[in-house]
Every structure is written in C-alpha cells, then in structure tokens.
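Okay, so here's the structure we're looking at.
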Amino acid sequence: MLAVVAAHFVLALCLPALARYNRRLAFGAGAALLTATLVWAMSQAPAALDTGVTDVLAWAPDLGLSLSLRLDALALAMIVLVSGVGALIMVYAAWYFGPRSTDAARSAALLVTFAGVMLGLVLADDLLTLYVFWELTSLTSFLLVGQGGQYRENRRAAVQALLVTVFGGLAMLLGIVLLGELAGTYSIPAITAAANDGTLAAGRPVALTIALVLILLGALTKSAQVPFHPWLPYAMAAPTPISAYLHAASMVKAGVVLVARLGPAFSAYAVWWGPVVVLGLVTMLLGGWRALRQTDLKRLLAFGTVSQLGFLMVLFGAGSRVAALAGIAMLLAHGLFKAPLFMVVGAIDKACGTRDLRELCGLGRRRRGLAVLATLAAMSMAGLPPMLGFVGKEAAYEAFLLEGGVRGALILTGLVAGSLLTAAYTARFLWGAFSTKGTQPTGGDPVPLGLSGPAWLCALTGLGAGIAAPLVNTLAESYAGPLPVLGDPYAAQYTLALWHGVGLALLLSAVAVVGGLLLFRYGGTATGHGKVPGLSAQRGYEAVVTGLERTAIVVTGRLQIGSLPVYLACILVVLIVLPGPVLAVAGSLPAQQSLYHSFMQVPVGLMVCVAAIALCRARRRFTAVLLVGAVGYGIGGLFIIDGAPDLALAQFLVETLTLVVFVFVLRRLPAHFAEPDSERRVRTPKALVAAIGGVLVATMAVVLSGARVLPPATTDGFVANAPEAGATNLISAILVDFRALDTIGEITVLLICAAGTASLVLATRYDKRKGGATVTSGADSAEREQEVAG
Amino acid sequence: MNITINLSMALVLAVLYSVGFYLLMQRSLMRILIGIVVLGHGANLLLQLAGGAPARAPVLDAVPPQEISDPLPQALALTAIVITFALTTYLLALGYRSWVLVGHDEVQDDVEDRRIAARRGPDGAMEEGTAEETEAAPEDTADSHELEEGRR
C-alpha cells in the first residue's frame, strides 16, 4: 500500500522531463498510474470491505510514530474518486492544455503528486499520518491554483486557499495532539474503540471538547463550510482540470472524509455533531442561494460544490446508519456528477472563449452531444432517477424521516430546502450553458473526444451506479454498519436502492425538484445576478488579512528602525535593566575593600582613565589613535604591576602593531572625523547609557570577585606539571602545552582575519588598477539622503 | 586570601567600559572600531584582575610557587589580546573599504527599514496591484545606480 502511494511521487518526479518530450504522453502516464491504483484497490475490495487491509511502516518506533495506512470502505469510496475520476481528468487535461501551454508540464507533475498525497490522506489510519498528508494537499493545491504565478487572480486565490486551509490545518494539529495525548494513541481505530467504550478522556471532558472543536476547525476550513467557504469559489481561477479534480472530486472532500472517519467515534457527542450539522445546513442553503446569483458557470458550479459539501457534512455528522449510507452514496455521486459538469464547462470555455452565461447562446442546438452529457450529469445533481444522486438523496430523506424527533424534522426541512435550491441552480446551469437567448450564437469549434470522452465515462458511471445501487450499498454498508440505528427500527434494514416504492421520501424528492424548477422559472433568478447584501465572509477574510499585515508593519516599523546606534543602545539597556536590579538586590559588596593593592596602580590607572575620557572628545583621527595607544600602553603597565610580564609584553607588541596599522589607514582617511560630534540631544542619552553600563560592569566585577572564597584550584596542577612540559614559565607552558588546542584555534582565527584583511585591501588596489578613480555607489547621493530623511 | 578587585582598578574598569560603550554607539566606523579596542582593553584587564591581587611573575625557577600570581587568567588574557588585535585589523580594513567605496566611513540608517516604518498600510495580497506599482520605482533607481557604477 505504501508502495502504491510512493509510486505516485516517483512518477511525478519523472513527469516534467517526459512532458517536455510529449505533453499528452505525460498526462497519459499519470492516467495509467491512477487507473492501476484503482484496479489495485478494487482487487483488494473483498478484504477491505470485510476487515480492512492495513500496512504499517514504523519509522520512529521509540517515539511511537508510524506511517500506517488502512484500506476500508470509506477509503475505497474515496479512491474511486481520487484515482478513478482522477484518471479520467488526467486524460481530459491531456487535451485541455494546449501544445504551447507553459503550465502543462508543471500541472501534470503536480496533479500526480496531488493524487498520491490524496491517496495517502484517504488511506491514513492514524491521526498524525492523516495530518501530514492533509497539509501536503494544501501545499499542492496552492501550487496548482497559483499556477506559474503570472496572474494576480491566481496568486490571490492560491494565497487565500492556503491561508484558510492551513489555518484550519494548524488548529487541527493542536486538536490532534490534544486528542492523542488524552487517548494515549494516535491510531484512529484505537481512538474509536476507546470513545465507544467511554474510556476515552474519562474525567477530562473539557479537554476533549477543545480537541474536537479544533479538529472540526480543520475539517470545516478544508471543506469550505460557512464561514470559511469563499476560498473555494475564488480557487476557480485555476485551470478547469484542476478545479474539476481538486475542487470538485477530491481535495475539498478531505474535511468530509475526516468527519466521516471520526464520526463513528464522536457522533454521539453534541460538540461534534452540533457544529457539523448546523454549519453544514447553513452552508448547503447559502451555497445553493449564491449559486443562483452567479453568471460565471464555473463559479456557479463552485457554489454548488460548497452547497453539496454542506450536505455531505450533515449526512456524516448526523451519525446514524442510514445517514451514513446516504453519505457514501452522495460522496460518490457528487464526484461523478460534478467532475463531468466541470469538464463540460471547460470544453465550453475552450470552444467559445467564454463561460459567462449571459454571453453563451444557442449552444444546445449546435453542440447537442455536450448538452445531453451535461443534462445526464445534472440529473444526478438535481436528484432525478435513475442516477446515483437520486439514490443518495432518497436515502438522506429517509434517514431523517426514520430518525424523527425535533432534530430529524429540522434537518429534514433544511435538506429539502437545500435540495430545492440545488434543483434550481441545476436548471440555471443548463439554461445558462445551452439555451438560446436571442443574442449572437456562440461556439464554433467542435469539442474533441479527448475532452468529452472522460466526461461521458464519468457521467455514465453515475448512471450505472444508480442502477446498480445494491453494489454501492455493499460498499456503504461496510462503513455504516457499526453506526447506531436512530429512531424507527426499520432503519436497521434500510438499504440503498433505486426504487423504494411510493413514499414520503419520493414525495419530498418530487417537491424539491418541482419547487426548484418553479423557483428558477418564477423566482427571477434566471437573469438575476448581483451582490448579496450585508455580511460577507469574503470581506471578513480580507479584513483579517489586511489587519494582520497592518499590525506586522506597525510592529516592524517600531522595532526595526534601521539605526545601528539605537540597536546597540537597546542591547545595552537590556544589559542594564535585567541584571542591574538583580545586582542591586542580591549582590553584596565585599566587606573589606582596599583602595589599591599596589601603590603604582593609582598613577597608571589615572593615566588610562584620562586618556580614555579624552578619547571621547577627540576630533582628529590621529589624536584618537594616539590616545588609544596611550590607553593600551597604560594597560600594559598595569599588567606589569600585576605580575604578568608575558601579558605586558604581548600588550606592548600588539599595541605597537595596531598603531602601525592604524597609521597606514589614517594616511588615506581625512584628518577629522566626518561628523563633528553628535548633537547634544543625542549625545547626552548615549553618554548616560554608556556610563551606567560601564559602572554596572565594574560593580559586577567587584561583587563577583568578592564572591570568590577559595584560591584558584588549577595553579598547583600547572606548577606540578610544568617540569614535564620542559618549561619554567607557566604561561608559555599553558599556551603551548596544556591548552595547545586553544592556541591552534587562536592561530586559525588570526589566519582568517589576515586573509579577510588582505582581500579587502587587495580588492581596493584591484579596483584602482581596473577603473582608475574611486568607485562610489549612490549611497551619498542627494536621493539617498532624501530617502534616509524620509 | 584577598582576591577582591580594588577600588582604583574598579574605577579604571568603569571608565574603560563606559568609553567603549559610548564610542560603540557613534556613527563613524572609526570611532566604533576604537570603541571595540577600548572594550577589548577593559575585558583583558578584567580577566587579569580576576586572577587576584598583584604577585610575582609565574616563572618557576626565579620565584617560590607560593608567591606567584594565578597563571590561568593570564594565559586567557594573552589569547584575548591577540584575538582583539586580529579583529581590530580586520575591522579597520572593512572601514577602509567602506571609505573607498562610499566616500565616508559612516554607518547610515537602513533605507529599507526606514521605508517600512514610514509606510501607512500593507500592500500584500489585498492590494497587490498597487504594491507592484509602488515597488517598481525604487527597483529602477537601484538598477540605475548599478549601471552608473558599472560605467565608472
């Protein structure tokens, strides 16, 4: 099973090269792999429907992490869409992308990658595996919607889809971790078992509630439920094959799959089914209503998808056996009718150059085949027999009729209203695409078989599945079997079938279809388009994103002002503010404090101080360098007084060398410092901060040295071992023997610095030889000053 | 034993560190460099003073072992002195290079940071179109600078 998933990624790696050779061959290879996956899954079906087929790769057993996959009924149903419909869409894409398309190679590879990731997602048997594939679908979707990134619309849509779904994904990760810690395992079957025993999170209901809400956030964003739905219609900026695959058949169902996966565990919890059912119903109604107002056929279908996803959420969230049967049927049906409808829109778009229903005219007469195909798929969408959509809808009504009670009645009302809207926008779609509206007839080019063939196959499968409803029932029963029977005991025997006889469910179906047609005819929705007034979820999203960016700018603008002195002052102030008070409170000055240890320390120290203070006031570079030299020699003197002649020697040598180097550079620099001295306004705070910092360091030195109570422990060791090193001078013994590695490190630093210095100096010489005059950038130009000044 | 840093040396340390900090916050690269050198002196002195009160040099055959000063801080300070020297020369070369390239050795404010601070609103995903228009201008000037450099 792992190999099947991995095969997708391997093929995806090869596809860009193959696509450069032959575009259609690349898509064909993708289609072949997806078909092979479908065949493999079907060959496993008996075992999968019985107990499920598992495959585990323990990649970090010590951490309890494993990549575990499991093929069961739900996964099988999704594979029909991911691999089956996916293969057809790959064939469609081979004809959709033109020979000069720059996106073809990229899209082929990404589509196959996506198919692999999605396969992993539907097969995932533990929550962490599921999460990894979940986020990978978001990323591939981003790349597919964004395309090459040349168009603003694509970029916006891709960013919105990514932000919304990844926000949900991260919330879901939190929820998963919380749930995993509560349950002690991430395995979905184990969690389900624990939840059904009532042993899950015993005594910690609040934590469980938070975990479930967070997980639902992931599912709701991914499946475009209110109020997160606007990203889906915007994602229609992607090429049609991608919309058909990601945003109709597979990816947007990930949220539904998650709810379906965890439904058997949590559908008894109100915090689980409550939000799912309520938001699902709202989404179903809102999506249907918005679909009636669209003029772009693709966006009409997208809002239809939003609506249908709400429907699926309700069915899987309700948590009863019959609702789950209906859910599986509708899951399959939606993929099988929405994908061909998208393909039809793509074909129309390609043939007519538009997909605006106000411009399309007379297509039904000129492209009769396409019209029949669209009608066939649309029948399933509207819930007409003998399509699978009808079977699913019947079962859905029946589920809540059988459940009864207030909840059942309310959900049923919502579903019928939603289905009514569905029938209405189905009519609007067919009317918009194919009717003759009196304007100039559009559409001249015939539609190639490569575009219509896959759509036909898809739609006919929907028809076949409707007729062969018992077969679908076998699949659905395997998933729905363990779920509780709610309400009427007859629900235990209900099976999916094309004909259940005349009953209330059939009546409701008829009401929905007829009502929908009437709404379309007399509701003014035929030509109506326009903005939906009031609260808009899209505006909410924009406000959030803009607010975030504004906050980021304000914060960055305040924190990062671009001035080095200010940054350094900040560091210094932190040094003062954090350890300073600690020192004042906890530190104690040593009891006996001497003014000096050796009398000579006083005059030499005084000289160092005077030279250092004069350094601050020096205007000429040369004066400053001489004063630094004075400070350095003074320090050397202090070393001698302290009894460190080696140190003093090094200090004198280094100081002399430094002076020489300084003089070399000073030869070329102007005599005075460029700025006279900073203004008093700036100078005083700088001096104050510096003085406090200096005093703090000195105080800390005194306090810390006073805290020492024992003589140094290492001296005796050095003294004892020095003869072995053949040295009488302890310092040289330490440097070249005891701590020789440090010395090697030091030499390395010197070499690196020497190389750096040499290259900087030589670069200048090289420039001069090449260009003559000094090279200046625009840094001191008037424009630059203007910019700095703002 | 008395190993506390005495008051006069503490004063020297305070002055060295204060002057170092002050110079570090200046805008001239040369002053900053001098600040680093002075800070280095302060640090070396601190290291040496941490070894204790003045004593005889740690040379074994001349002095009885009880009277010598602590050799370890001295060895560490010696390393530090040399490293400070290396750092100084490198920074000096950098300042020199900056002077050659830019014509002065001052640390200027980062223009990009200033521009961000001056901006009122975002120009990300929402107003992408306008963002591209406004950002096109500075890019052009940057390019022309490079062209000028090339010509010279």
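Note: Cβ is positioned from N, Cα and C throughout, glycine not excepted.
Curation plays no part in TrEMBL annotations; they are all automatic predictions.
Per TrEMBL, compositional bias 'Basic and acidic residues' is recorded for A:781-790. Among the features that TrEMBL reports, domain 'NADH-Ubiquinone oxidoreductase (complex I) chain 5 N-terminal' is placed at A:62-96. Annotated domain 'NADH:quinone oxidoreductase/Mrp antiporter transmembrane' per TrEMBL: A:124-401, in sequence order. Sequence annotations record features per position, and here TrEMBL assigns domain 'MrpA C-terminal/MbhD' to A:606-670. Look at TrEMBL and you will find A:771-790 tagged as region 'Disordered'. What TrEMBL records for A:73-97, A:104-122, A:157-180, A:269-288, A:300-318, A:369-388, A:455-476, A:566-589, A:622-641, A:647-666, A:687-707, A:744-763 (among others) is transmembrane segment.
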Check the domain 'NADH:quinone oxidoreductase/Mrp antiporter transmembrane' (A:124-401) against the domain 'MrpA C-terminal/MbhD' (A:606-670) for contact, please; criterion is three or more CB pairs under 8 Å, pairs 6 or more apart in sequence.
no
Which residue counts does DSSP yield for the domain 'NADH-Ubiquinone oxidoreductase (complex I) chain 5 N-terminal' (A:62-96) in the helix, strand and coil classes, in that order?
26 helix, 7 strand, 2 coil
So what's near the transmembrane segment (A:104-122) in sequence-distant terms, Cβ-Cβ under 8 Å and 6+ beyond its ends?
4-9, 11-13, 15-16, 19-20, 23, 26-27, 30, 33-34, 37, 69, 74-75, 78-79, 82-83, 86, 89-90, 93, 97-98, 129-130, 132-134, 136-137, 140-141, 143-144, 147-148, 239, 241-242, 245-246, 250-251, 254, 257
Could you tell me whether the transmembrane segment (A:73-97) and the transmembrane segment (A:455-476) are in contact, taking contact to mean 3+ Cβ pairs under 8 Å with a sequence separation of 6 or more?
yes
In terms of Cβ proximity under 8 Å, which residues at least six beyond the ends of the transmembrane segment (A:73-97) contact it?
23-24, 26-28, 30-32, 34-35, 37-38, 41, 45, 48-49, 103-104, 107-108, 111-112, 115, 118-119, 122-123, 239-241, 244-245, 249-250, 253, 257, 260-261, 328, 331-332, 335-336, 339, 343, 346, 350, 448, 450-451, 453-455, 457-458, 461, 475-476, 478-479
On the 0 to 100 pLDDT scale, where does the domain 'MrpA C-terminal/MbhD' (A:606-670) sit on average?
91
On the DSSP side of things, how many residues of the domain 'MrpA C-terminal/MbhD' (A:606-670) fall into helix, strand and coil, could you say?
55 helix, 1 strand, 9 coil
